[in-house]
Each structure stands twice: as structure tokens, then as C-alpha cells.
Amino acid sequence: MRFPQILTVLSPQSLRMAVNWPGLVSIGVFYIIVLGTGIWASRKSKREEKKCSGNRSEVAMVGGRNLNIGVSIFTMTATWVGGGYILGSAEMVYDPTKGLVWAVAPLAFSMSLIIGGLFFVKPMRSKNYVTLMDPFQEKYGNKVSAVLFIPALIGDILWIACILGALGGTVSVVMDIHSWLAVIISAAVAVIYTLMGGLYSVAYTDVIQLSFIIVGLWLCVPFILASPSSANFTVAAVTKLYQEPWIGRLELEDAGRWVEDILLLGIGGICYQAFYQRVLSTATDAQAKITCYAAAVFCPILGIPSILIGAVAASTNWNQTSYGSPSPYEEGKAGMILPIALQHLCPFYISLLGIGALAAAVMSSVDSALLSAASQLGRNIFKNIIYRGASEKLILMAGDEVRWCCVGQLEPALAMTTLVRSTCSGSSAQTCCTV
């Protein structure tokens, strides 16, 4: 992408669009609430530091191993129910070449949490590990752990960039707000509250974010179901109306790929530092296991609104809506079907709640990945390899630098580059499709 093209997209002339002020205010209120919660939680973190007999870095990384079980369940669930989960579930159901049978994330995520609770909680907690990298560093040494950290860091960077880009594309669809504005604000808010309070800020903001997800998406569902442009979605599940039945089909030759998708999401999630950050932050093994099992129940439940929205979208005659013809799928916008459905099948002010829920889901993913990368670099790389005599303050500062460099600068730049490319090509929604 040439620099002049970026300047064109960000020029004053390009900013003179019909800004949706109610939408902008609603998103602003949401971010203020999240930031306020993060600041409050950072003060709680400071109080816990004084009471905790452990290191300051452990308070920031695993909450002093004294996180309330209710908060722990909320933050574990919010970590898994992210922007990719919500957008992807709706897309799979709506896509006529896929369907409900291919929306395996709810099943796979539950499987991952149950396996983690059964087999990995007790071994990790018994030795008071702080990060996923600790057992590898203990067994294989610093060189191997340093190499293992590289793909973990790259994965977190690219993942955050993708979901920030998805948020930017989604907000631009519903609110006529420039994509890059949502990316910058989201990144800035996440950096501020994670810098201030570590896991406590992330966990307590996850409570607010998950509440937004539950209320926002579930409130949108009745209005979408009542849309006059949509046929009975239960009939469209098995009957071809406006496209292939949304329940989908699984051919024998595709069975191997279907199983692979489940195993990739299910077993791959066990290797996620954010998972261990939650189970290591509770006071007892029993609480850690309850956290896993409760989140395994809540994840599929919170996927139901996305599935229903995708099903109704597949049952809709888009020519009878304000969207018009051709349909989102025919225009290559299946990946953005959730915000498109919110915009064209819901009253405007109800759609704002849905976008708030999506923004909350993205923020819960961003802060988790951000804290994950910072914790591993600060403890396993900086303290154990680069500077063994590092003080607790230096360890936290190293983690802060990761947060600032990655989320504050690199990841928004990657997300905006993707958005600029799609804007210059005339298809800003393509970002979500690639996610």
C-alpha cells in the first residue's frame, strides 16, 4: 500500500462523511464505561499489592491468585466469546456453502475448556506457575522457550490486528464512522486500562463487556426475528427459499476437514496463555475447575444470538430490505452479515446495542491477548533470559513496553493497513470476510 493512498483515505476531504452522531455517542459512552471500570479496577489492584505476600508482577499477571470466582467465570467466558466468535458464527450459518453444521466454534470452545479443566488446571497450579511458558522454560531451558515465544507473540499481534480491523469495518457499516477511528480508539482504551491495572483491570472490564454482549445481542434477536422481510427461519433451515437451507450439509468427503476444524479450535485453545492466566488467578484448584466448566456452558449459550441472526439473514429476501439486491453473500460480504443484519433488519437504536455488544466482544479479545503477550515477555524473556536481576518494577515496565509497542502502534497500523486497502478497492467490508 502506497503512502499517498493512505493519506488520501485519511485526508480532510475523506472525513466529510455523514457521521452518525447517535451511533458515535453510544460508542463513546460504552468506551467511557469500560475505561472507568478499568481505572477503578487498577485502584483495586494497588490495594491487592499491599495485601499480597507475592510479587508485584504476579498481582499484575495472575491477580495475586485471589480473583473472585464470579469475576473469574466472567473473564474466562469473555476471553473466548470474542469478536471472531460472534462474527464467525453468524457468517458460517448464513453462508449457503457452509451452514449451521460448520459453525463448530461453540462446540469446540466448550470442549477446549472442559479438557483444560480436567487435565491441565491441577498440574499448572501445583507448581505455582505464572505463565504457560514456565513449564517449558523449566524443562527445556531458556533457548527453547525463547524460540517458542516468537510464534506466540506473532499470533497475538496478528490476532489483535484482525479483530481491530473487523471492528473498524463493522462500525463503518452501521454508523458511517471511518473504520480507522474505531481502530485507534479501541486500541487506545485497551492500552490505557491494561497498563494501569493488569489482570484486575482486564478481568473487571470483561464483566462489563460480557454484560454488554449478553444484553446487546439478545435484545436484537426478537426484532430481527420479527423482520417482515424474512421468512420463517425454521422452514428455511431445511427448505431452499432465497438460498440453500441454512442448516447446511456435511458430505462424507468433507468429514475429515470438519473433524480437523473442531480439533484445531478445541485442542488449539489449550495452548492459549490467556486461558492459564485465568485458571492461575483463582484461589483454589476447585475454583479454577468451576471457572472452566461454567465458561464451557456459557460459551455455546452466548453463541445462540449470532446463530439466530445468521439463520434469519439466510431466510431474508434482501431485495425487500433497505440493503437491496444483490444479497450480501453475492457481494462477497458474508463475513459482515451480523452488522448488515443489525442495520437493515433492526430499528436503528436497537442496532446500536448490537454494535455495542460487538465492540465489547472485540475489546475483551484485545485486552486478553495484550496481557498474554506482555506477561510472557516480561517474565519469561526479560526476567529469565535478558536481565536475571530485574526488579519487579522493571519486569512490569518491560510488559508495559510490549503493550505500548504492539497494541499502541503496531497492531492498529496493521489493522488500518488492511482497512485502507479495502477502502481503496471499494470494499471496506472485505476485512471482516478475511477475519
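Glycine residues also receive a Cβ, built from the backbone N, Cα and C atoms like all the rest.
TrEMBL labels come from automatic prediction, so no person has curated them.
Quick look at what TrEMBL lists:
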- 20-41: transmembrane segment (TRANSMEM)
- 66-87: transmembrane segment (TRANSMEM)
- 99-121: transmembrane segment (TRANSMEM)
- 142-167: transmembrane segment (TRANSMEM)
- 179-200: transmembrane segment (TRANSMEM)
- 207-225: transmembrane segment (TRANSMEM)
- 262-280: transmembrane segment (TRANSMEM)
- 292-316: transmembrane segment (TRANSMEM)
- 336-362: transmembrane segment (TRANSMEM)
Cβ contacts the transmembrane segment (262-280)/the transmembrane segment (66-87), at least three under 8 Å, sequence gap 6 or more: yes
Contact between the transmembrane segment (179-200) and the transmembrane segment (292-316) (at least 3 Cβ pairs under 8 Å, separation 6+): no
Intrachain residues whose Cβ lies under 8 Å of the transmembrane segment (20-41), provided they are six or more past its termini: 171, 174-177, 182, 185-186, 189, 192-194, 196-197, 200-201, 203-205, 207-209, 212, 348-349, 352, 355-356, 359-360, 363
Residue numbers, six or more beyond the limits of the transmembrane segment (292-316), whose CB comes under 8 Å of its CB atoms: 73, 76-77, 80-81, 85-87, 89-94, 96, 100, 103, 105-107, 109-111, 113-114, 116-117, 121, 210, 213-214, 217-218, 220-221, 224-225, 227, 229-233, 235-237, 241-243, 246, 279, 328, 337-338, 340-342, 345
